[in-house]
Amino acid sequence: MKFTLSWLKDHLETEAPLDEIVTALTDLGHEVEGVEDPVKVLGAFRICRVIEAQPHPNADRLRLCRVATWPNGPDAPSEEVQVVCGAPNARTGLVGVFAPVGTHVPGTGVDLKPGVIRGVESNGMLCSERELMLSDDHDGIIDLPEDAPMGMRFIDYKGVNDPTIEVKITPNRPDGLGVRGLARDLAARGLGRLKPLPVEPVPGLFPSPVSVTIEAALKEKGCPLFAGRTIRGVKNGPSPDWLQARLRSVGLRPISALVDITNYFTIGLNRPLHVFDVAKITGGLRIHAAEGGEELLALDGKTYKLRPGQMLISDDAQPESLAGIMGGELSGCTEETTDVFLESAYWDPITIAATGRALKIVSDARYRFERGVDPAFTLPGLELATRMILDLCGGEASEVVMDGAVPDTSRAYRFDPKRVVSLVGMEIPEAEQRTTLEALGFTLEGELAAPPSWRPDVQGEADLVEEIARVASLTKLQGKPLPRAQAGVPKPILTPLQVREQAARRTLAALGYNECVTYSFIDEAAAKLFGGGSEAVRVENPISSEMTHLRPDLLPGLLRAAARNQARGFADMALCEIGPVFAGGEPGEQQLQATGLLVGASAPRDPFGSRRPVDVYDAKADAEAVLAAVGAPAKMQISRKVPGWWHPGRSGAVGLGPNLLATFGEVHPKILREMDVKGPAVAFTILVANVPLPKVKTPTRPALKLSDLQAVERDFAFVVDASVEALTLVNAAQGADKALIESVRVFDQFSGDKAEAQMGAGKKSLALTVRLQPTDRTLTDKDIEAVSAKIVEKVAKATGATLRG
């Protein structure tokens, strides 16, 4: 958005210099993209008088001029300089414009230096308008009236000394699309006083011959308010010079007084208006939704075909305007126009944005309406524009006609001065906070603050804090050191869950896994394969059909990654991921999971034959390593109760009582086929948050106690039912004497037809190694036999096992 400094000062009473205003605008959130200051470009060019002009002694087309200049202004003494000039109108007594040595001439891009032209010294330059980039006239040097004040800056005499400021307005600040909105922010900052904007209703002298109606369905969403009035007897000639100059300065082409006035209000007060030629309207105006197929020749000379639902302004005969976007050519005003209908309406931002985007029309009106103009200024803007038309174009106004009502945008939020410190960290006195909000147009009543109608972006208490901090300047926010603990060790920065997550990630990396980061969204079919896919985790507005549900497990994403790698020739891989999984949409139904996936072989090919397919024991070992890293206790139970996506008989679950900690095993072949993964593939999943925290926290780790006495190992072979799990035997043997037994491990299993032939149908043999570690004395044979008897007794009681003969 562009505006001039004088335009800003129409609304802001200030003595602040331009640089301070520009800096303040950027600091307030309105980024200044550029400043065109004529003073910096043309400030050195001053009015002068040619005392004498004689022919150049060495050139027929050049003139040798003695010029009286006032380099220090009209009140300072004059200086005489010699200038060689080639303009045909250079003559004695001419009043022109002089550029001294050292001046940059914008029209030529040259910095003036003392020179010698055809053997004669020349100091400075007599300028044409093209050399000053004021016009394309280069027939001669500037020729001013005799009464032009000597020594005055030419830009002041010409009236082209008004700086132009271009500001980038963010989409959330539609009030900044008017000069008055920017002036209000600057006044709140303290750079001046916002001038009042009195609105005096213009009395209606006759009923308006043009009526207005809004289609009932559009009053709720589309056009809540449409107002206007007829002004008859106007003279639609060129607008005044000051208005034309102001519009040109912001890049708008003056057209006629009526059109220029509407553009003036659009830029100055953020109030888009439109004028219809009454003579070209049949009956009244109707705001309605297009049925589809209607065509309108717009003011840009293009014909637009409307779709069903897009808003139109039509008379009794045909469409006349694209509502809130652009007027129609057929009802446009010309120099012959004498009676006009002035429109001021409030249009729904979403509807205007959708129509403008569909028709690919960009206009100043659309740009403002789709961001949200002030609905409460609809009628005051109509009155102010009416007064200006009467002043510049004459005529008389009718009574105001309208349909609809001003939308109720009133709302209030709690105003707590302490929130500025807690949210922003700035200490601003309460009185200053209240003054700031009131200067911005907020209404304060007790602990409530009501935003003005022109601020649709303010939607909560945090926005009040933002306004206060913005006006006070966030550049004043100073860094403060973090508070130090008064005594003792400071609290850890990371939570226990974050510490465990880091430990799991480091352990997986040490085990050789490559970490993946997959989407939290998967398709419904994949979600159902892993126990998900319910409506509770369906994404309302998915990115694509492959991301419709929140993932119930990390395995689908890792399997998809494995399939993509296999398709590119990578058969062996170790992938892992740590992230959230979702069982439902309620609080507490989200968990942190650490998952590893092994596919293919355990090692590269080598001459020693160590390469083998990955198996369930690889997954189990890695799962135990990660569990140990996150603090899981050594004694955990392993069961076969695993979900259906694991291979039955080649998988297991790790838990503490009813608390599930992890699952591991081969991925079910059906799942591999569905996910397009070529096996073998084993995996494990760990629910990190389910691992219990230590009950007792010690300041330091206790010293490791090692016995000086020699350990003793004894082997036991038990005959058990084929259904008995090895872990049951291990746990039973471990519990025989917890003080002496250091470890129990399975070292052999004998099963199958040969085993049953020796031991009976449905039987197998499991062999255990039990390590006994004394701490106070060396074990005797009697001690060892006693412990062995306990082990046999415990195992027999737990499993019905007998010692193998």
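Placed from the backbone N, Cα and C atoms, the Cβ positions cover glycine too.
Annotated features in Swiss-Prot:
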{"type": "DOMAIN", "residues": "39-155", "note": "domain 'tRNA-binding'"}
{"type": "DOMAIN", "residues": "408-479", "note": "domain 'B5'"}
{"type": "BINDING", "residues": "Asp457, Asp463, Glu466, Glu467", "note": "Mg(2+) binding site"}
{"type": "DOMAIN", "residues": "707-804", "note": "domain 'FDX-ACB'"}
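Here the features listed in Swiss-Prot are placed on the structure.
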residue : record              : Cβ within 10 Å
Asp457  : Mg(2+) binding site : 17
Asp463  : Mg(2+) binding site : 16
Glu466  : Mg(2+) binding site : 18
Glu467  : Mg(2+) binding site : 23
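Following the DSSP three-state reduction, the secondary structure of Glu467 (Mg(2+) binding site) is helix. In the predicted model, the domain 'B5' (408-479) shows an average pLDDT of 94. In sequence order, Arg455, Val458, Ala462, Leu464, Val465, Arg470 are the same-chain residues whose CB sits within 8 A of the CB centroid of Asp457, Asp463, Glu466, Glu467, the residues recorded for Mg(2+) being left out. Residues of the domain 'tRNA-binding' (39-155) grouped by DSSP class, helix first, strand second and coil last, total 6 helix, 43 strand, 68 coil. Helix, strand and coil counts from DSSP across the domain 'B5' (408-479) read 30 helix, 8 strand, 34 coil.
Each residue in the domain 'FDX-ACB' (707-804) gets a DSSP state, and the totals come to 35 helix, 32 strand, 31 coil.
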